[in-house]
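TrEMBL has this to say about the protein:
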| type | residues | note |
| --- | --- | --- |
| BINDING | B:ASP30, B:THR43, B:ASP73 | Mg(2+) 4 binding site |
| BINDING | B:ASP30, B:ASP73, B:ASP209 | Mg(2+) 3 binding site |
| BINDING | B:THR44, B:ASP45, B:ASP121 | Mg(2+) 1 binding site |
| BINDING | B:ASP45, B:ASP73 | Mg(2+) 2 binding site |
| BINDING | B:HIS52, B:ASP264, B:PHE320 | substrate binding site |
| BINDING | B:GLY120, B:ASP121, B:ARG145, B:SER211 | ATP binding site |
| BINDING | B:ASP212 | Mg(2+) 5 binding site |
| DOMAIN | B:29-138 | domain 'PurM-like N-terminal' |
| DOMAIN | B:149-306 | domain 'PurM-like C-terminal' |
Number of protein chains: 2
Amino acid sequence: MSEAGEFDFIAQHLAPLSQGYEGAFGLTDDAAILADVPGLVITTDTMIQGVHFRKLEPWDLVARKALRVNLSDLAAMGADPHAVLLSITWPQAVRPAQMQRFVDGLKTDLEAFGIPLIGGDTTRGGELLVVTVTALGQCEHPLLRSGGEAGQDLYVSGTIGDAVLGLEVDTLAGLTGVHKAIVEDRHLLPTPRLKLGRELCGLASAALDVSDGLVADAGHLARASGVKAGIELDSIPLSSAAETWVRIQRDPIATLVKLITSGDDYELLFSAGPEKREEILAAAKRAGTHIARIGSLIEGKGVEVRTTSGELVRIDQAGFTHF
Amino acid sequence: MSEAGEFDFIAQHLAPLSQGYEGAFGLTDDAAILADVPGLVITTDTMIQGVHFRKLEPWDLVARKALRVNLSDLAAMGADPHAVLLSITWPQAVRPAQMQRFVDGLKTDLEAFGIPLIGGDTTRGGELLVVTVTALGQCEHPLLRSGGEAGQDLYVSGTIGDAVLGLEVDTLAGLTGVHKAIVEDRHLLPTPRLKLGRELCGLASAALDVSDGLVADAGHLARASGVKAGIELDSIPLSSAAETWVRIQRDPIATLVKLITSGDDYELLFSAGPEKREEILAAAKRAGTHIARIGSLIEGKGVEVRTTSGELVRIDQAGFTHF
């Protein structure tokens, strides 16, 4: 594509996504000017073809996931999305239809979440699609990882383990087509828990989003809060698909451990004092998001997972890690 | 590297670079909270090994260049650097010494420019180093690309064309070792013109940084301002190395055209009314940066380059483009 082509592409396809944000200048300047609003938070994440998503993943879904994993970080802070920047490197051999598909996905989600695209950069080269989203959010009283205390409850939203099943959907012999479609959708298009995050501000003592796996992320919250996370294995919420999958395995406990040590759930994990139980439930109801109490914070450090009978579950690898 | 390894790496090597920025939380939370300061501007750029820098480039220089190209965008707005975020994907086979070298370079420049690292993400996978820097700056009256008017002067800082010579330094038969070292340095480590940018606030009518090539970027400024850019070929400032190189070529004009249509100079190109000439010179002097008047903005659209005798120089490709 020629330089004129690049300008036309930005002007035609990306500039409208700035939705009139004043400091975005229709994506024509060197930097964007942020509106003077208090309590801005910022996060950034990169996704590389073949590393963070499969080589053949449709690009509309890539765009939407790149956006959503950043929105999930904002949700974990209890922040409202304010604006995003997009830094994209198209593969040298990119086809216009692929670019169009990427933009279609981006547009769908930016509009659905009501977020302007205010800047970024676009280049071309190499063999892989590389996408970095930088997301800005706004909140008055951000939720941190560090506020948890021993004696408090530990909760998680939605269901855990679907994303890793979705990633391996081709190997799930025994699941119905509907169940397969559900877990694959959960892998491809996580739901950032923005409403829940907002509702939890001033209510939860600590929060983060589950991206490295429930056990690993419970460890992060525990570490930041200077406590230990105690998780009851049987309290962890599973989808009907995941529950079915676990039940038909030879070693259900090992399968369950895999689900809670794999990543990309993008659910909120949070703590709150036991006196807040009713308020927490009401907040989840207002957000329209299911939550489950899965254990508590206790004195100590690290994470322990126990079965209903109180047996300690041995976990070798504390959660999937990209590193 | 294990997950524990990742945490140790962030805690030991990256967290100190947050320099106590309150909302960075020592790089331990999901997002960073920006200080409530007015006039924040934001920009982001991705650099991919083998695409935006050579496969064998030392990683300390990669880190510094990734930072500097973003600072150059801030300079073009007349903004002071406020903070940066870093999103990095290490190749799967990364060696600790390479990571250390990257961090060393990053630290060197963050300290030199006095900028805290306040967030980002770190993953590992694939075969290539991928680095995205998001830079935040602060300014009260940002310089835009769109304020130029017909009849105004056009200026550029520093010298043009060194970076492309530096990129091709192995082919520069006839240049001295000193000249080669100078142009290679200019390619590897551009100097963001931050002081000049600040001095030009309220003085220049339009500005940008030269990243796509002088001619292409003059076109961007002209397009945004709704005018034409007229450039005098012989007024374009060259380093002694570039001047020597042009002189010893069979077709000096063609060589000169190449220098002004190649990218990565990271100089400031700006316009100002002719009544401002003395003030502009004084501003450049205060910034300690050489500037040259290279032409003017005129009615029309596009860019024209003329020799001293008034002949139009034919330029086929309006500047290097990554696209």
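Here the Cβ of each residue, glycine as well, is placed from N, Cα and C on the backbone.
Worth saying up front: this structure is predicted, and the values here are computed from it rather than measured.
Projection of TrEMBL feature records onto the structure.
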| residue | record | CB count, 10 Å |
| --- | --- | --- |
| B:ASP30 | Mg(2+) 4 binding site | 27 |
| B:THR44 | Mg(2+) 1 binding site | 26 |
| B:HIS52 | substrate binding site | 22 |
| B:ASP73 | Mg(2+) 4 binding site | 27 |
| B:GLY120 | ATP binding site | 25 |
| B:ASP121 | Mg(2+) 1 binding site | 23 |
| B:ARG145 | ATP binding site | 24 |
| B:ASP209 | Mg(2+) 3 binding site | 26 |
| B:SER211 | ATP binding site | 25 |
| B:ASP264 | substrate binding site | 23 |
Per the under 8 Å Cβ criterion, the binding-site residues B:THR43, B:ASP73, B:SER211, B:ASP212, B:ASP264 that neighbour chain A are B:THR43, B:ASP73, B:ASP212
Let me know how many other Cβ atoms fall within 10 Å of the Cβ of B:THR43 (Mg(2+) 4 binding site). 28
So what's the mean pLDDT when you look at the domain 'PurM-like C-terminal' (B:149-306)? 96
Using a Cβ-Cβ cut-off under 8 angstroms and a sequence gap of six or more, which residues of the chain neighbour B:ASP45 (Mg(2+) 1 binding site)? B:ALA66, B:VAL69, B:ASN70, B:ASP73, B:THR132, B:VAL133
Could you tell me the C-alpha distance between B:ASP121 (Mg(2+) 1 binding site) and B:ASP30 (Mg(2+) 4 binding site) in angstrom, no decimals? 9
B:ARG145, B:ASP209, B:ASP212, B:ASP264 screened against B:ASP30 (Mg(2+) 4 binding site), Cα within 10 Å - retained binding-site residues: none
Quick one: of the binding-site residues B:THR43, B:GLY120, B:ARG145, B:ASP209, B:ASP212, which has its CA closest to the CA of B:ASP264 (substrate binding site)? B:ASP212
Measure the Cβ-based neighbour count of the residue listed as 'Mg(2+) 5 binding site', defined as the other Cβ atoms within 10 Å of its Cβ. 24
Cα-Cα separation of B:HIS52 (substrate binding site) and B:SER211 (ATP binding site), in Å? 12
Taking only the residues the record lists as binding ATP, namely B:GLY120, B:ASP121, B:ARG145, B:SER211, what is the largest Cα to Cα distance between any two of them, in Å to the nearest whole number? 32
Give the residue counts of the domain 'PurM-like N-terminal' (B:29-138) per reduced DSSP state, in the order helix, strand, coil. 37 helix, 41 strand, 32 coil
